[in-house]
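**Student:** My questions will all concern the structure given below.
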């Protein structure tokens, strides 16, 4: 009975209001839970609060990760990875991504950028048993944290196996959780903070260049800082700062006076070393620590030594209008500052560039300054500017240019100025690059110049791309600006105010120039050392700042010794890379007006050899709108500029092979050099000088090409070709004599068609390249020439059916002249020789099989028709 009553009580109907209330509560709970997991997972963060607290309230909160056994660190074997940095960016145009790349480029470190995948394919990380990357950088560390399980495991295994570290940045925004745990790590983040007074942890193991003795007083830029907190032994603070306000950070288990803004993960948690930044690179100390992080995580493979060589040039000595020149007190200050700087830079010496014509052309007080400067002549280094400060590219006659230099040299001799420094600078860097041949010759003739410098190679901006090169026996060094120009002579009138100049020096552009370049030549001017003496102020403050914040060892050398040191560090820069002077307005302004870019060819026939390039050269020359180069006395119709030593003769030498353009716009020059095709240097060089050029290559069966080259060498009495049969040549092993292997390479390597065309494709768009069927050029030249004319876009199309005739005696097509006669190629073309033996053909068919398959894929990708011989070869491989 009682059981029955209880049952009836439980079975009473529930009131509708209570049901609705329960449903509403469940909905709220569901929304909260969904937001908790979805939002936290998407951000790669897990909310931090009391629920994350350890059962022991006296102990700072820890993650379950802390309870896992510590994994032993695998020693870094840097020999197993290539010195390449993989940079994952948010987009190709993101500011932080560009700043990361800029530092790597300035340091001349090789890198590869990839859009960071949330899901999808990870770039190939290994090549056989080698790692392709020595360091991974994430612009947004959450893209790493939120990788799908497959790619995350792939990347982490790679980092552990090859000892590769990770650098990551966390940039908070308005949607960031104020306090959260980084998913999967015993690390807590507190975001959107304003910070001040940044200091460096002197115990941080990654510090190399950074000197940890000082505190950067004042507010850090922005209110979106993130600080890191953990009690796991794997995390070591690198930079620390205070909060702007005295309030404690919510959810922070310990009220610390200093908070970690850059943290180093020693790899004790999962075997991977990392460095994490709580903001971007806007703060100058982050740039400095980033450089150290790259060095540390790569075992100093990607690192510059601590030595920095500095040379300060003062151009325009004696030049300048009244009121801008140096007076007696300014000259004394120059000398005193030099002595002061020598306490930090052994033998530091200002390098003075003079134009003697303007001596004693100031006020009386300024003329006295000139006299005092000359009385100190032995205290400084000296170099010649131009006598009258004229730009050398305006002198088209070398003898006139030499006369100007001779006047300056006489002035130097008369006043005891040294004339054997071997260094000179041209006003406005005119004539140095683009090269004015007359300047280089006159410099050597009058002064014996061995070194100069310019800010124009390869371009003025961005400055991090400036390089050196060697031309005509003169070493050219990159020159840097320092924020001072001829018009910046008063501190309070500095553009943007004095704070802008101080910002450039203290952690800004000038500081970074020295930080990221082992050798820096700075351009200043006479006017920077009069009035407020901004030149002295700038370099005293710079040296003080460098000594305070870095372990860099500042040194100096005279210009010639400095040049040798530069090319000892960067030997790969000796070879210049000539560029189109008309593509850069500054270059065009300092290039002789007697020269024109219209004299450059618009078409190159690049080969390869023995495919019909000479025939195409002849056929193109028949067109009234097309003009070929003048023949070379050494290499016949070929200039062979881009692939060998002729390149070092410069673009003036190259242009001499082409006519001076007429006033018509229809001038279309072309050249043919068949060994450009397989040259490793030619594609990059051509693209630099002729970025809009059209490229034509002719392909025949590579086996036939190899055999033709062998027969060509026999006809020219090559002793190796005479001694060995074709089969012996192509089958020669690695132990064969060197000259035999050289002939083998010239027979076989040009036939790697896909390899060579891909190299050209790295520098030219597919629509700039035309691949011709050499077999059709031989049998149906008129039809092929119609294709060529369409490719070139010539307005006056020529009907080659009417201008070409087959010569049965020669066995190929020739130019048809008036009266029915023909003009054919010389007797060296179209030679008859025995057919290739079947064993050799079979060997070469197998040898080139994979190359031909790759060629077919490449031509399909380029949208080009497959040559008839290639279709036949592919059919035979099935």
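Backbone N, Cα and C define each Cβ position, glycine as well.
Keep in mind it's a predicted model, so treat the numbers as computed, not measured.
The active site, for sulfotransferase activity annotation in Swiss-Prot covers 610. Annotation source Swiss-Prot lists disulfide bond at 814-824, citing similarity to another entry. Under the heading N-linked glycosylation site, Swiss-Prot lists 231, 347, 397, 663. Sequence annotations record features per position, and here Swiss-Prot assigns region 'Heparan sulfate N-deacetylase 1' to 40-594. The topological domain 'Lumenal' feature in Swiss-Prot is assigned to 39-878; the stated evidence is sequence analysis. The annotation transmembrane segment is assigned in Swiss-Prot to 18-38.
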**Student:** Which secondary structure state does DSSP assign to residue 347 (N-linked glycosylation site), in the simple three-class scheme?
**Tutor:** coil
**Student:** Grab the pLDDT values for the topological domain 'Lumenal' (39-878) and give me their mean, rounded.
**Tutor:** 92
**Student:** Which one of the glycosylation sites (231, 347, 397) has its C-beta surrounded by the most other C-beta atoms within 10 angstroms?
**Tutor:** 231
**Student:** Look at the disulfide-bonded residues 814, 824 and tell me which residue has the greatest number of other C-beta atoms within 10 angstroms of its C-beta.
**Tutor:** 814
**Student:** Of all the glycosylation sites given, namely 231, 347, 397, which is spatially nearest to residue 824 (disulfide bond) at the Cα level?
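**Tutor:** If we rank 231, 347, 397 by Cα distance to residue 824 (disulfide bond), first place goes to 397.
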**Student:** Compare the C-alpha of residue 610 (active site, for sulfotransferase activity) with the C-alpha of each of the recorded positions 231, 347, 397, 814, and give the closest one.
**Tutor:** 814
**Student:** Measuring CA to CA, name the entry from the recorded positions 347, 397, 814 that ends up nearest residue 231 (N-linked glycosylation site).
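**Tutor:** Its closest listed neighbour, by Cα, is 347.
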**Student:** Using DSSP and collapsing to three states, where does residue 824 (disulfide bond) fall: helix, strand or coil?
**Tutor:** coil
**Student:** In whole Å, note down how far the CA of residue 397 (N-linked glycosylation site) lies from the CA of residue 347 (N-linked glycosylation site).
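**Tutor:** Their Cα atoms are separated by 40 Å.
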**Student:** Under a three-state reading of DSSP, tell me whether residue 814 (disulfide bond) is helix, strand or coil.
**Tutor:** strand
**Student:** Quick check for the class: what is the C-alpha distance, in angstrom and rounded, between residue 397 (N-linked glycosylation site) and residue 814 (disulfide bond)?
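**Tutor:** Roughly 45 Å, rounded to the nearest whole number.
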**Student:** Ten-angstrom check, please: count other Cβ atoms within 10 Å of the Cβ of residue 610 (active site, for sulfotransferase activity), all chains counted.
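**Tutor:** The Cβ of residue 610 (active site, for sulfotransferase activity) has 22 Cβ neighbours within 10 Å.
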